[in-house]
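Only one structure is covered here, and it is reproduced in the block below.
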Amino acid sequence: PQGIGSPSVYHAVIVIFLEFFAWGLLTAPTLVVLRETFPKHTFLMNGLIQGVKGLLSFLSAPLIGALSDVWGRKSFLLLTVFFTCAPIPLMKISPWWYFAVISVSGVFAVTFSVVFAYVADITQEHERSMAYGWVSATFAASLVISPAIGAYLGRVYGDSLVVVLATAIALLDICFILVAVPESLPEKMRPASWGAPISWEQADPFASLKKVGQDSIVLLICITVFLSYLPEAGQYSSFFLYLRQIMGFSSESVAAFIAVLGILSIIAQTIVLSLLMRSIGNKNTILLGLGFQILQLAWYGFGSEPWMMWAAGAVAAMSSITFPAVSALVSRTADADQQGVVQGMITGIRGLCNGLGPALYGFIFYIFHVELNELPMPESPSGDSVVAQYHLQQNSIIPGPPFLFGACSVLLALLVALFIPEHTNLNVRSSNWKKHCVSHGHPHSPQAPGEAKEPLLQDTNV
């Protein structure tokens, strides 16, 4: 088989690390290009760009997840990494094309979906939450030093060198997948040929959302994911721009903030997550993570001083344990050959949030008149840029209104998560679903009503 050694979590984390390290280098240059390209309504345009990318991700995630269950994970790792990193060299060539390609790249921006399916193929159920934690921690680790390196190189040598370096790392990631990553999906689970049919129902993201409601437990999990990730997606799309342009952080301060947050997230998603999963269980870990997220967003919303942002960032690291815990809970409901579909659906919900969240945050910033009406003044000797809008923000009752909205959304997610049972019995759930099929049937299902089929986790009809 192609690749070096047998499939392992290490292959997955290297792929994630290289991809997001390349993007981390571009943190400071992207903020500059965004401000220069859209001097008016910067937050609104940023939200629209990231929103289109997220919606396209939502539309494509179920199809890519289902195809990876048939054709294997390696080819789709290659595809998603290539198209996710395709916009990088365009930053200095044409900023307009750069932002346009970022929007379109959302069709394949579902690397995490394929990586989580890859990890599920090679881990036992009791190991999976820890493995997901390592993958999420790797994402945080890739951002520990890369923004600082990018900011330093950009200041000393110019942003062009940063773009070239990021492009080289993206190419290295692609070569690593081609040469070193072995296929994780066992041959016996794949069809004899590449001509296996993929039904429209599997590729339709809205059809998969309809299936969510057919199982009450999965419905609760998906509502929790939607309500908690909606503000998180909006926050990721605009927060560093918010720190830079509204709170008066310098490029170096933003890089340092990301580094500290990344280190704390690594600790939270490895050591702390493992301890919590063993001591208080899966569900309580999710509830604890949501509680930290509420505190973090409320602090961002009312914070008007830089030290408040730093304190809230420390709390944000603890909130990062939520998604690995949710992914582990969801993976328990899927068979070995259906992990791609399941993780594709959860990633699809996150993709929908990636579309709605940034657009919603940009719109809330816009209606509350949080705009960059003036360009930053030259940096002060202390290193912090002085922004005219910043002084207006200091006098506001709610400096960051979208973050306060996010705290309310996560509070609803916490209330929904309270109803998720700690332990699920798949046999009981399958039996209940069988009775449901017998009594109600499904006019669009190609399967006989009497057959037991796990709800929403339907895979390809191989």
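Using the three backbone atoms N, Cα and C, a Cβ is placed for every residue, glycine included.
As written in TrEMBL, here are the features:
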{"type": "DOMAIN", "residues": "8-425", "note": "domain 'Major facilitator superfamily (MFS) profile'"}
{"type": "TRANSMEM", "residues": "12-34", "note": "transmembrane segment"}
{"type": "TRANSMEM", "residues": "55-72", "note": "transmembrane segment"}
{"type": "TRANSMEM", "residues": "96-119", "note": "transmembrane segment"}
{"type": "TRANSMEM", "residues": "131-154", "note": "transmembrane segment"}
{"type": "TRANSMEM", "residues": "160-181", "note": "transmembrane segment"}
{"type": "TRANSMEM", "residues": "217-234", "note": "transmembrane segment"}
{"type": "TRANSMEM", "residues": "254-277", "note": "transmembrane segment"}
{"type": "TRANSMEM", "residues": "284-302", "note": "transmembrane segment"}
{"type": "TRANSMEM", "residues": "308-330", "note": "transmembrane segment"}
{"type": "TRANSMEM", "residues": "351-368", "note": "transmembrane segment"}
{"type": "TRANSMEM", "residues": "403-420", "note": "transmembrane segment"}
{"type": "REGION", "residues": "438-462", "note": "region 'Disordered'"}
Contact call for the transmembrane segment (131-154) against the transmembrane segment (217-234), three or more Cβ pairs under 8 Å: no
Does the transmembrane segment (55-72) come close to the transmembrane segment (403-420), meaning at least 3 CB pairs under 8 Å for residues 6 or more apart? no
Report yes or no: does the transmembrane segment (96-119) come within contact of the transmembrane segment (12-34), defined as 3 or more CB pairs under 8 Å with a sequence separation of 6 or more? yes
State, in range form, which of 160-181, 217-234, 254-277 has the highest count of Cβ pairs under 8 Å to the transmembrane segment (351-368). 217-234
Please tell me whether the transmembrane segment (12-34) and the transmembrane segment (160-181) touch - that is, whether there are at least 3 C-beta pairs under 8 Å between them, with each pair 6 or more apart in sequence. yes
